[in-house]
Amino acid sequence: MALINQQSNLKDRMERQPLIDVLCIFFGIGTWLCVNGLWVELPLLVQHLPEGWALPSYLAVVIQLANLGPVLYTVLNSLFPRAITEVRSIYVVMLVGFVAVILLANFWSVTGVVLGQQHSVALLGLVFFVAAVDCSSRVLYLPFMARLQTIYLPSFFIGEGLSGLIPSIFALIQGVGGNPECRNNTFGNGTMAVIPEPFYSVDIFFYLMSAITFCSFVAFFLLNQNGIVGKGLVKPQNSIPLTITGRRSEERSTSKREPFYESTRWPDEDNDSKAAFLNRDDHINQSARKSRPLTSIEKPVESTRSIGELSYLLIMQTMICGLANGVFPSIQSYSCLPYGNTTFHWAVTLSNMANPGVCFLMFCLPNPNKYSVTVTAMLGLGVSSYVMQTAVLSPNPPMVGTLEGELLLVSSWILLVGLFTYTKVAISSMLRDLGQKGLFWSGAFTQFGSSIGAVATFFIIKYGDVFHSYYPCG
């Protein structure tokens, strides 16, 4: 039997098609590309839009509301399983995402009056559709990948990681032009802030995002062509293969399709789900995991976690996700802008790179446990206390106007995102021991914490007297 398995694995490696790997990478890039692009573009957007420094809190709430997208798909898929299929739905969400980003490139600066105040109606409205598309990728893209052999799954996750890295690289090249300069106005009775131009405009940045989105669409189209990916599809004649969720794939040969909510649960947000899944998936091909040691979940053992430990992990997940996905993204402008546009730019882009970086690094780290999660969470809370202090004390945070203060702030944001990312992914990996039930509760508490953090921070910023912005030439 061992000889047969070795021959089968050797055959899989010989039949691996590099073109399919490339297509899976581009397909994965389309997962969270646009949402990540919005965050790294904030240093420029807050300078031109009426929400100003409060813009990140508006975006955080809109992105949480956009989770209605996957909910809508789940409901429609359960009611009309034959009409609302994965492939058709992916085509629809990709098309909506592409059109929304094109519209962003043309209308992101359009404002309107809402409740007596000027607001970025075009940006916020289009962000809802962009975020709904990216949120829906959690419940659509991975189940689709079950059609392909598991050796191509790591390529998809590489692409998902690049969905955070590529916008950051574009933003680093773009720059912010520098900090505002105070100059005399044309009337000679005061000063005005002049914002230097970046290397290329916000419009061009969104056009670049739309071009990559189109490449992801083309990759998905090609992944549906049997003439191209035929050798990479799951071959049921050898054995009855398992889908990503562990369900047998013979359902694809029947006319009745199982409703989505009964077959798939996906736990986490942005790039975090890829590390939790890859680090713990017991269906990854032997050749794909040969470079790392076997983890405990890859062995057929039962979870021995107590109710107390599970409650502790879920509470920790709720708290960390509330801070990482809700609170700190909303206050990042207040924390960074007193140090200047350039500091804000570096903090946003480099911390955005820390997320996929930590996810890939976790493949080389020992299996997480309750103690490692606690230590990293406490370290993250320690760093977050300093970051929160800089936001609360805005516009006069510690060491403002000094190079040391700028370096400390940027480093703190990188550490904050890195430590919180490790904690979120580690908890999801540990809850994977419970199978779909564990991942479901991990996802539920993740979304609950993220929503509470985003909404609470939005109201504190808008109606509280806690965070303050300032006019640099006042």
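For all residues, glycine too, the Cβ spot is worked out from N, Cα and C.
Keep in mind that TrEMBL annotations are predicted by a computer and have not been checked by a curator.
Listed in TrEMBL:
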type     : residues : note
COMPBIAS : 247-268  : compositional bias 'Basic and acidic residues'
REGION   : 245-268  : region 'Disordered'
TRANSMEM : 20-39    : transmembrane segment
TRANSMEM : 59-80    : transmembrane segment
TRANSMEM : 92-115   : transmembrane segment
TRANSMEM : 121-144  : transmembrane segment
TRANSMEM : 151-173  : transmembrane segment
TRANSMEM : 204-223  : transmembrane segment
TRANSMEM : 310-331  : transmembrane segment
TRANSMEM : 343-364  : transmembrane segment
TRANSMEM : 371-388  : transmembrane segment
TRANSMEM : 408-427  : transmembrane segment
TRANSMEM : 439-461  : transmembrane segment
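Through the fold, the transmembrane segment (408-427) approaches residues 268, 271-272, 275-276, 279, 313, 316-317, 320-321, 323-324, 328, 332, 335-336, 339, 343, 346-348, 350-352, 354-355, 357-359, 362, 368, 372-373, 376-377, 379-380, 383-384, 386-387, 390, 397, 399, 442, 446 of its own chain, all at least 6 residues removed from its boundaries and within a Cβ separation under 8 Å. Take the transmembrane segment (121-144) and the stretches 20-39, 151-173, 343-364: counting Cβ pairs under 8 Å, 20-39 has the most. Comparing 20-39, 92-115, 151-173, 310-331 for CB pairs under 8 angstroms to the transmembrane segment (204-223), the maximum falls on 20-39. When Cβ distances are compared across the two stretches, the transmembrane segment (310-331) makes contact with the transmembrane segment (59-80), since 3 or more pairs at least 6 residues apart fall below 8 angstroms.
20-39 is the stretch from 20-39, 151-173, 343-364 with the greatest number of Cβ pairs below 8 Å to the transmembrane segment (92-115). Using a Cβ-Cβ cut-off under 8 Å and counting only residues 6 or more beyond its ends in the same chain, the transmembrane segment (20-39) has close neighbours at 56, 59, 63, 94, 97, 100-101, 127, 130-131, 133-134, 137, 141, 145, 148, 152-153, 155-164, 166-168, 170-171, 205-206, 209, 212-213, 215-220, 222-223, 228-229, 232, 270-271, 329, 348, 352.
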